[in-house]
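What Swiss-Prot says about this protein:
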- 5-8: motif 'Endocytosis signal' (MOTIF)
- C35: S-palmitoyl cysteine (LIPID)
- 40-60: transmembrane segment (TRANSMEM)
- 58-122: coiled coil (COILED)
- 61-284: topological domain 'Extracellular' (TOPO_DOM)
- N75: N-linked glycosylation site (CARBOHYD)
- N78: N-linked glycosylation site (CARBOHYD)
- N146: N-linked glycosylation site (CARBOHYD)
- C153-C164: disulfide bond (DISULFID)
- 160-277: domain 'C-type lectin' (DOMAIN)
- C181-C276: disulfide bond (DISULFID)
- V190, E196, E277: Ca(2+) 1 binding site (BINDING)
- D215, D242, E252, D253: Ca(2+) 2 binding site (BINDING)
- Q239, D241, E252, N264, D265: Ca(2+) 3 binding site (BINDING)
- C254-C268: disulfide bond (DISULFID)
Amino acid sequence: MTKDYQDFQHLDNENDHHQLQRGPPPAPRLLQRLCSGFRLFLLSLGLSILLLVVVCVITSQNSQLREDLRVLRQNFSNFTVSTEDQVKALTTQGERVGRKMKLVESQLEKHQEDLREDHSRLLLHVKQLVSDVRSLSCQMAALRGNGSERICCPINWVEYEGSCYWFSSSVKPWTEADKYCQLENAHLVVVTSWEEQRFVQQHMGPLNTWIGLTDQNGPWKWVDGTDYETGFKNWRPGQPDDWYGHGLGGGEDCAHFTTDGHWNDDVCRRPYRWVCETELGKAN
């Protein structure tokens with residue numbers, strides 16, 4: 001029995017020895033695994049929280065940037081509209097100023113033109129007055145000379161180079177103007193030189209004025225018989241053209257001074273001013 005007890009005890013000792021060899025290691029491995037998984041979870045959670053914070057910050061900044069951009073766009077739009085309004089206002093104001101300046105310039109030019117015309121008329125009146133005074137002086141001298149011959153131009157006529165000239169202030173057709181001169185024992189002016197043309201222009205001014213030149217009966221002729229072909233001429237370029245497109249019937253058979261002094265052929269029925277001419281001492 002003692003042997004059996006010893007064997008049993010020996011068996012228990014062996015079992016204890018084997019148990020000590022296998023030991024309790026499985027428990028720490030499980031705990032280590034659990035700890036490793038928890039660390040990964042914490043790390044993942046931390047990274048997730050960090051990522052969430054970053055996303056929130058970026059989202060917040062993006063929203064702020066969008067708001068700032070919207071405000072900038074609105075401010076730029078307002079500035080653009082305001083600038084356009086100011087530009088339009090300045091443009092409108094500039095146009096008004098430009099129109100006023102043009103109006104003032106136009107009025108000034110008109111006043112200057114009126115002054116020039118008044119000055120020209122005044123000079124003509126002065127010249128006519130001087131001519132009348134000379135004519136009166138001439139006639140008075142003739143009377144004082146007990147009828148001795150002294151040749152003078154009539155009052156209201158102007159003497160130039162041995163001829164007397166009368167300048168109209170009204171208008172007539174060419175034929176009526178020629179008849180008027182004939183009643184004064186004169187004829188429509190016959191221009192034979194540049195000097196005579198300048199003299200007539202100085203007294204008439206820039207006006208359409210009949211002269212004693214016509215081709216109603218064929219070729220161009222001066223009313224006093226002065227030779228046309230070899231004499232002085234001052235036609236406007238392209239004239240005479242005997243134009244029929246004026247709608248008044250017939251051609252253009254009578255000559256006149258234009259406003260620039262050149263000659264032009266025109267319809268004889270047009271009403272223009274005229275100049276009568278006669279030799280000194282022949283006028284009525």
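From the backbone N, Cα and C atoms, a Cβ is placed for every residue, glycine too.
Here the features listed in Swiss-Prot are placed on the structure.
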residue : record                      : DSSP (3 states)
N78     : N-linked glycosylation site : helix
C153    : disulfide bond              : coil
C164    : disulfide bond              : strand
C181    : disulfide bond              : helix
V190    : Ca(2+) 1 binding site       : coil
D242    : Ca(2+) 2 binding site       : coil
E252    : Ca(2+) 2 binding site       : coil
D265    : Ca(2+) 3 binding site       : strand
C276    : disulfide bond              : strand
Using all protein chains in view, find how many other C-beta atoms are within 10 Å of the C-beta of D241 (Ca(2+) 3 binding site).
13
Whole-number Å value for how far E277 (Ca(2+) 1 binding site) lies from C181 (disulfide bond) (Cα to Cα):
8
From N78, C153, D265, C276 (recorded positions), the ones whose CA sits within 10 A of D242 (Ca(2+) 2 binding site) are D265
E277 (Ca(2+) 1 binding site), Cβ-centred 10 Å count of other Cβ atoms over all protein chains shown, is 25
Given the recorded positions E196, D241, C276, find the one whose Cα is closest in space to the Cα of C254 (disulfide bond).
D241
Rank the disulfide-bonded residues C181, C254 by the number of other Cβ atoms within 10 Å of each Cβ, and give the residue at the low end.
C181
Where E277 (Ca(2+) 1 binding site) and N264 (Ca(2+) 3 binding site) are concerned, what is their Cα separation in Å, rounded?
20
Specify the nearest of the recorded positions N75, C153, C164, E196, Q239 to D215 (Ca(2+) 2 binding site), where nearness means the distance between Cα atoms.
Q239
